Each structure stands twice: as structure tokens, then as C-alpha cells.
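Comments concern the structure below.
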């Protein structure tokens, strides 16, 4: 705006816009992306799952059992699971691939103590309406062992996703990934003004560069030592900003609950999968 023009109306607009930019991105919102990462080799992360609504990628997740995907509970806060699909074996979501397996969602089991306002216990299980066919492009990712402690500060981990690769919602060419480091939870909690719970994990870039995730990558795994130690939960306004470190659900805190849910649930039939043709 040119100085001296527009009057009070433009001034008010500027004030409102400035105030809005101070808000956090809500998890699952648009315009989010892996920051400072790179495209992985096709199917190098065969455990990755895309949760899809109305033909569009909505959240991530990962396959830990032939019938089950782990994701973030907030991804389903305002969604009807019966209208969603889970895509396995994908690299480029916008391109038909013979490796892709597509399932309906038979059930969503969110943690009973999930708190949407604080994102505490932000974890859910998706029961597929069929059994994944395991192979080179579709494989399981291991959970932490029961009673395992979270990775120590400084541990190098990786996080993957299909979120957009620019602030203009540009879709990625394929699955993106970035390397991050575990940040001490007490240090992270100070940055978040004491809002975090003990069952969370934080990461940062380890240097001054912006690296990390944004909310369209929600539900995707934080992989440390070939096990899923975190689930993407929330971040600040500026993705990868060290002032507001990326926050994950700490998977090791929920391993017993996860397997209790799996054991208590019926096994679906094996005919729910459709293989995408070229």
C-alpha cells in the first residue's frame, strides 16, 4: 500500500492480517510441506500410507500390520472415515502406479484420551477393509519395543510426507523426506510455553536452516533407527522454525495400547484391496 492512501479501512485490514499471521497453522490445514528435504528414491519408504479424502491427500500414516495403519487422531476430527481411502505402495500420488494398493477404512480407533485443543495423545489406528499384500513397494515399519525409551537428544531421525513443497501449495513430485534431530523435551516445552505433555517428542534441524514438517504431513512417522518413534502432530506458523520446534506424538508411550486394540478387533476379509492399474 502506498503511504497516505487507503485510509483507515486499509489500516484495519493490515492490522487484522498481521494478527492472523501470529496464529499457528491448524493441523491438517492446507499449504503445508516438508521443509528443506529431498525426494526419496521411489518406494524407498514402503511403509508410507496416504490418507485420502475426495481424491486429495489429507494426512500421512504408516503400515505396521497387514490390516492396520497408524496415523494422527486430529486428521479425523472433522472427517467421515467411511469416505476416506488409504493408499499404500505410492511414490507420486498424482500418477497411477501399478504398485499402489487402495483400501477403504473399516474403522478408526482414536486414543480415548485424545485432546484436540492441546493435541495430547494425538494417535489413532486405521483398520483397513482388507489385507495389504506385502512386497518391495509395501512393507511394515516396526514399532518401538514395549517399555522402550524415546530417542535421546541429538539422535538423527527422518520424517517423510506428501505435503506441498512451497507456501503456494505446490504438490511434490513424489514422497519427500528430511533429516532432523531429536530435541530435549524440556527445551522444546520452553519454546512452546509449557504446552507439551510427556508423551510428545520434538525435533529441530540441528543448525540454523529450516528443516522439518508442516501439518499436511500429519500422521506420518518419525523414523529413528528403523523404528517409528514419532507421529507428526503439530508445528508453528513457520515450518521448521527453531523458535517453535516440530512436535510429534511419542509412539513408545502407546505401544501397549496399540497392540491391545489390534488384538481386540476382528480381522477383516482379504478382498477389500484394489490394485491400481497403470
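Each Cβ is built from the backbone N, Cα and C atoms, and glycine gets one as well.
Per Swiss-Prot, the feature signal peptide maps to 1-31. Among the features that Swiss-Prot reports, domain 'Peptidase S1' is placed at 34-263. Residues annotated as disulfide bond in Swiss-Prot, with sequence analysis given as evidence: 59-75, 157-224, 188-202, 214-239. Positions annotated as active site, charge relay system by Swiss-Prot, on the basis of similarity to another entry: 74, 122, 218. What Swiss-Prot records for 129 is N-linked glycosylation site.
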DSSP-derived class (H/G/I helix, E/B strand, else coil) of residue 75 (disulfide bond): helix
For the domain 'Peptidase S1' (34-263), mean pLDDT (0 to 100): 91
Neighbour count (Cβ, 10 Å) for residue 59 (disulfide bond): 29
Residue 218 (active site, charge relay system): nearby recorded positions from 59, 74, 75, 129, Cα cut-off 10 Å: 59, 74, 75
Largest tally of Cβ atoms lying within 10 Å of a Cβ, found at which of the disulfide-bonded residues 75, 224: 75
